[in-house]
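Written below as structure tokens is the structure these notes are about.
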Amino acid sequence: MPQQLVILIEQLFNGISLAGIYLLVAMGLTLVFGLTRIINFAQGEFVTLGAFATLTLVEFKLPIWIALLLSGLIVGVLSEAVDLGVFRRTLSRPINGFIVSLGLIIALEAAYAIRWPGDFYTIPAVLPGEWRLGGIVFVKERVFLVLLTAVICLLLFFFLERTHYGRGIRALAEDRTSAQVLGVRVGRLISITFIIGSGLAGLAGGLLGTIFPFTAFFGSAFLLKGFAVAIVGGLGNIRGTIVAALILALAETLGGAYISLAWSYAILLVVMIAIILWRPYGLFQSAEQAGGDPLSTEHLLGSGSGLSQAALATRAGRILAMVPRAAVVGLLVAGALAPFWLDSYRSLTLMTIALISAIVVYSMWFGFRFAGIFSVAQAGFLGIGAYGTVILTTHFHVNFWEQILLSTLLGGALAALFSFIALRASGTYLLILLFALSELEIIVIQNWSSVTGGLIGIVLPTPPDPFFGRVDFSNPIALYYLILVGAVTAIAFLWWAANTRFGKLLTSLRDNEMLAQSLGLDTFRYKLLALTLSGAVAGFGGAFFVFVEVGIAPPYFTVNASIQYSLMMLLGGSGTVAGPMIGALVATYLPEFLHMKPFQAQFVYGLLLVLIIIILPTGVVGSLRQLYFRIANRVALRGSP
């Protein structure tokens, strides 16, 4: 048999076996979404949990096949505990469930890194060895994986089509109201769906560990691949998911074999993006069959109104209305005097980092609060500004003050490109496209190592150029004031933009995009401009970021980093002006105050994000604002006639 044909057959088989893994992850996603409309981004972490659960059971001398089955069951049961404790509280607002799942990603990833800190782990194969047929090598473990996936698919079809609970799940997914009227037990079916869906992810993780080395961080890659399969097949469509798994896995495998292994993941992402843009509801269902997108018209709750008109008519009310503004001014004054009351160089450095984080957080806040767009690409826009600054300095010797402008333009240009692609979809599909585009950016940074330093990163040893030849920014106090001025400028610009006619129109399309379109508003153009401004401000922050961190590398700019910035925004409260700044300060200083190591801090960040959405959906500052105005209204009206 010709060698080229042998290689092709082997790669096709490898693609089919990889499709089995993607299918197990995606079926769990599509089952949960079809029933609950929850976009569970934590599914990738259940894959990782399945791998480590299998490894632990094998270390206790259990046979590998028993360990695989038990790990799937363990993950399913644990995920149901998460469902009952967290997701079940967000069913009425799917965007809250989505953000909770983001918090679970960073919390679980950190927990795995703390418990299993090694570089790589492996699990013994169920069927070690290989078969050779006419010069073609078939790895036994991959054959086992393909057969097991086929059996699981058949069992799942039988369960959904022939059993009482399966028919109930299908009925509930198609028409929840009618199903409830007919006596379908919604809570029980959601529990069954979570156990099955997450159990499949756990089983996939265990099987992956028998084929590939794994770490605490490999769940994120399989999350996006699983979502790619689920979306291309059509969320909620099991048959479409099977075909989509084959298409995307073969595209990745053949692309890696015949084009470039380093770019194989990028090839999968490009195929996924193209299919979503062509058929946003999947290859095998229409918009009507998809049942609508739960995130297409949602945004988080605001922080409520201020004083009532009756209260404002009183002298006490007018004085009380000024207190929140005075608090913002006080925050600004405290920042200006920080070098005088902070007691150490470390504290000043943390304050400087908090200011840079605030620039990024406010750039995210602008798009989210006024355009209703939750951007998971914000760290990527920061990254293009940071890398642009380093490259412009080291390769082209551009002056720092010119770098600020160019980094801002780079951030805006990348955001415009991402927006031009992603805004052709909405809701869930917009989020997935931004996620995929961010991953593509990281792949480019990693593979373009001659310029970016690849995975190792790049260092900028020089401070910013002196201001008019007089102010030396190698002095940390001078650098702090430079970044303080930059942060205040960025925040003031975004607040000004939000209060222009453009900002008012953004708010109107956020609240009711269909009405805005019917009135002749070009919503695509306005949202593109909003994200472009948001990205430009993040790129502006990147010009400062590199002078504080000195060395930069891809992990600073991943989707996980964007999630941590979103925590800062939501912690303070996205419905307030001061909220993002308070969130940035708390998130920056909390690990230092509690003497936490990096992964411990990440774990706390994730839990905080979950708790805030469940307990304080308007954030700390937003909740305090609501409480203050309730009290202020009573005080102002107490003495009024």
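Including glycine, each Cβ sits where the backbone N, Cα and C put it.
TrEMBL entries are annotated by machine, without manual review.
The feature transmembrane segment is assigned by TrEMBL to 21-42, 62-82, 143-160, 181-201, 231-251, 257-278, 348-368, 380-398, 404-423, 478-498, 568-591, 603-624 (among others).
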Message = I'm a bit unsure how to read this: which one of 62-82, 143-160, 181-201, 231-251, 568-591 has the highest number of Cβ pairs shorter than 8 Å with the transmembrane segment (257-278)?
response = 231-251
Message = Is it the case that the transmembrane segment (478-498) and the transmembrane segment (348-368) touch, counting contact as three or more CB pairs under 8 Å in which the residues of each pair are 6 or more positions apart?
response = yes
Ask   = Is the number of Cβ-Cβ pairs under 8 Å between the transmembrane segment (143-160) and the transmembrane segment (404-423) three or more, considering only pairs separated by 6 or more positions?
value = no
Key: seg_contact(the transmembrane segment (181-201), the transmembrane segment (62-82)) with at least 3 CB pairs under 8 angstroms, min sep 6   = yes
Request  = Considering only the recorded stretches 231-251, 348-368, 380-398, 404-423, state which has the highest number of Cβ pairs under 8 Å to the transmembrane segment (568-591).
outcome  = 348-368
Ask   = Counting only residues 6+ away from its ends, which parts of the chain sit with a Cβ under 8 Å from the transmembrane segment (231-251)?
value = 12, 15-16, 18-20, 22-23, 26-27, 29-31, 33-34, 153, 156-157, 160, 173, 225, 267-268, 271-272, 275-276, 279, 281-285, 289-291, 428-429, 432
Ask   = Apart from its near flanks, which chain residues at least 6 from the ends of the transmembrane segment (380-398) lie with a Cβ under 8 angstroms of it?
value = 360, 363, 406-408, 410-411, 414-415, 418, 437-438, 441-442, 445, 451-452, 458-460, 462, 534-536, 538-543, 545-547, 552, 554, 556-557, 561-562
